[in-house]
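Trainee: Next up is a structure, given as C-alpha cells.
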Amino acid sequence: MSTSTLSRPRASTPAGPPKRRRAARNGGFASSFTVNALLILGCAYMVLPVVWLFFASTKNTADLYGTAAYAFGEPAFFDNIAAVLNQDGGVFLRWMANSMFYAAFGAVFGGLISVMAGYAFDKFQFRGKDSFFGIVLVGVLIPNTATVLPMYLLASVFGITNTIWAILIPVLCNPFGVYLARVYSAAYVPAETLEAARVDGAGPIRSFFSLGLPMMMPGYITIALFQFVGVWNNFMLPLVMLQDQQLLPVSVGISIWQGYSIPQPEFTPMVITGSLLSIVPLLVAFIMLQRFWKSGLTAGSVK
Amino acid sequence: MATQIPTTTGAASTRKQRAMSGTGGRTAALFLTPFFAVFALAMVAPVIYSIVLSFFAQQKSGLGFGEAKTSFVGLENYFQVLQSESFVGGIGRLAMYCALYIPCMVGGALAFALLLDAAVARARKLFQLLVFLPHAVPGVIAALIWAYLYTPGVSPIVSVLESGGIELNFLDNQMILPSIVNIAVWEWTGYNVIVLFTALQAVPREILEAARVDGAGEIRAALSIKLPLILPALSVIMLFTVIGTLQLFTEPSIISKATASVTSTWVPNMWAYDAAFNRHNLNQAAAASIIIALMAAVLSWAVTRFSSRMNKA
C-alpha cells in the first residue's frame, strides 16, 4: 500500500541536486538501496495514519468495524460529509470558520507585532536592549500551557471568558516570532539601505513600511505561517476559555463529538470525516507555501 | 510600557549610536510597545495574578453553609499540590515520558536527516514534504487518529499483530505511556528532520569533499564531520523539545476518553485543569500552574547551560 501511494508522485520530482548525485558513484547499489528504503519506511510511518483517516472516512459505522482498514466498504464518503455538515444545524462549518478567523488574526496581526519588535531589536540602539530581549527569551521558554489557566483566571476577573477576546488577545503574543524576526531583519535588511533612506529624509517609520517590511516579507510570511499553525492546533486555550458552541474552533468541536461517540458509536464516522475535513486547509496551505517554511527554516538555522 | 524605555539622548553616545542617530529609544519604543503590551496582557499579568491567587484559599465556615470566605494561607496551596499523590505521580509519568520520548524523537529525526543528506538519497523534496506532513495535523486530530489505530476492531495495526499471533493492547496500563510517546514522536519528528536537514545543507561541501578524498566513507563522514557541525541546531532542538514535553495535555486528554488507563489527572497540566474545572478549586489550580511554569524555567535553564557547555567543548 505504501509503495503505491509513494511511488506515483516520486517519478515527477527531480531527484536531488545533480552535483551531489555525481558524488554518489562510490556508494554502490547496496547502500543506495538501503538509504532510500529506510527513507521510504520512515515516510510510510508518517503518511499511513493520514491515509488510514482517508479510507476510514469513506465507511459507515458497520464497515468501519467490518472491513479491512485499507479497503473501501459501501461507499459512504459523501453521506459522511453530509452528516458532518448537517449535524446541529451546520455547526461544523461554523467551527471551521472560527478556526480560520482566530488563526488568520493571530498570523497577520501577531506576525506584524513580532516583526516590528524583532526589527527594532536588530536595527535600533537603545538603553536596556539586552534586558528587554532577555524578557522576550523568557517568554519563549515558558510553555504555552503553563499560562493558559492563569490567563483564564485573569480573564474571568474581567468577564471576557467565553468571548472571542479571550482567544484573540493571547494569539497576538508570539515571543518566538520576535526572536525569529530579529534574525530575519539582520539577514535581509542591510543597514546601508536604511542609512541611505535616512539621508534621503525618510523617517524610521516610513523606512520600515516602505523598505524594511517588504525586504523581510519572506520572514513575515514564515512567522505568520507558524503562528497560523500554532493557533489552529491550539487545544487547551479554547477548551478552557470557551463554552458557547458557536465560538469553538474545530479542534475543540471535534473533541466534543469524540466524547459523544463513546456511548453512541454512530458518531464515529462523523468524528473521522470531520477530522479529515479539518486538516485539508492546513495541508493545502503547507503544500502551497512550501517555499516559505523551508526558506524560513534555512535562514533560521544558518544564522 | 513606553515610559520604561529610556531615550539615548542622556546616555554617552557610542560610535555605533552616532552612526545610527535618529534611530534611538523613542522610535524603538514605538515599534516595541505593541509587542510588550500584548506580552504584559497575555503572560505577565496572568502569571502575577495567579501568584497572588495561589496564596489564598476559599474556606467554608462551620458546616459548609453560608458564604465562602477568602483568606490568606501563605504557601498552604503549594504544600497541598506537592503532597497530592496524583500530582506527584503525574510528574513521575511526565519524567518517564521525557525519558522515552526525547531519545526516540531526536534520535529518529537525526537519523532521518542524515539519511536524507546522504549523497545517494533520491527525491529529497518529496521526502521532506511527506515527513513534514504530520506537523500539519493538529494535536487533537493526531491523537484521535492514533486512538482509533490503537482500538481493537478498527485498527489495522492490531489486526495485523493478531494474525501474527501477537496479542497487544496498546491502551492498557503498561502500553499506554509508549502509545502516547508514539503519537508525539509522529507529530514532531518530521518538523525536526527539516530543521536538522537545513543545518546539514549548510555544512561546507569542501570539508566533505576533503574527507572523501582522505577515504572517509559516507557513514564515517556523517558521524565525525556532519554531526559535530550541527550540534548547535541539535541543542536548540533539545531545548524546545524539553519545553514542549512540559506542555503535554492534548494527547492524553483525548486518549483519556478512549481508555481508563489515562486518568483525569494523568499529567500535571491535566491535574491543574481538573483542579479548576472539576474540583472548582481555582487557588490550587493557580498554585499548580505556577509550579509547572517554575519547573519549565528550571529545566530550560539547565538545558541551556548544558548545551552551551557542550558547544564550547
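Any Cβ shown, glycine's included, is placed from N, Cα and C.
The annotation domain 'ABC transmembrane type-1' is assigned in TrEMBL to B:97-303. The feature transmembrane segment is assigned by TrEMBL to B:28-57, B:94-115, B:127-149, B:229-249, B:285-304.
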Trainee: Do at least three C-beta pairs under 8 angstroms join the transmembrane segment (B:28-57) to the transmembrane segment (B:127-149), pairs 6 or more apart in sequence?
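Mentor: Taking Cβ pairs at least 6 residues apart, the transmembrane segment (B:127-149) and the transmembrane segment (B:28-57) are not in contact, as fewer than 3 fall under 8 Å.
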Trainee: Residues sitting near the transmembrane segment (B:229-249): Cβ under 8 Å, six or more positions beyond its termini, same chain?
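Mentor: Residues 94, 97-98, 101-102, 105-106, 109-110, 184, 188, 192, 195-196, 199-200, 203, 207, 267-270, 273, 292, 295-296, 299-300, 303-304, 307-308, 310-311.
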Trainee: Would you mind listing the long-range same-chain contacts of the transmembrane segment (B:94-115), meaning Cβ under 8 Å and 6+ residues beyond its ends?
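Mentor: Residues 121, 131, 177-178, 180-181, 184-185, 188-190, 192-193, 196-197, 200, 222, 226-227, 234, 237-238, 241-242, 245-246, 248, 267-268.
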Trainee: What residues in the same chain, six or more past the boundaries of the transmembrane segment (B:127-149), come closer than 8 Å to it by Cβ-Cβ distance?
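Mentor: Contacts with the transmembrane segment (B:127-149): 112, 116, 121, 155-157, 179, 182-183, 186-191, 193-194, 197, 250-251, 254-255, 258.
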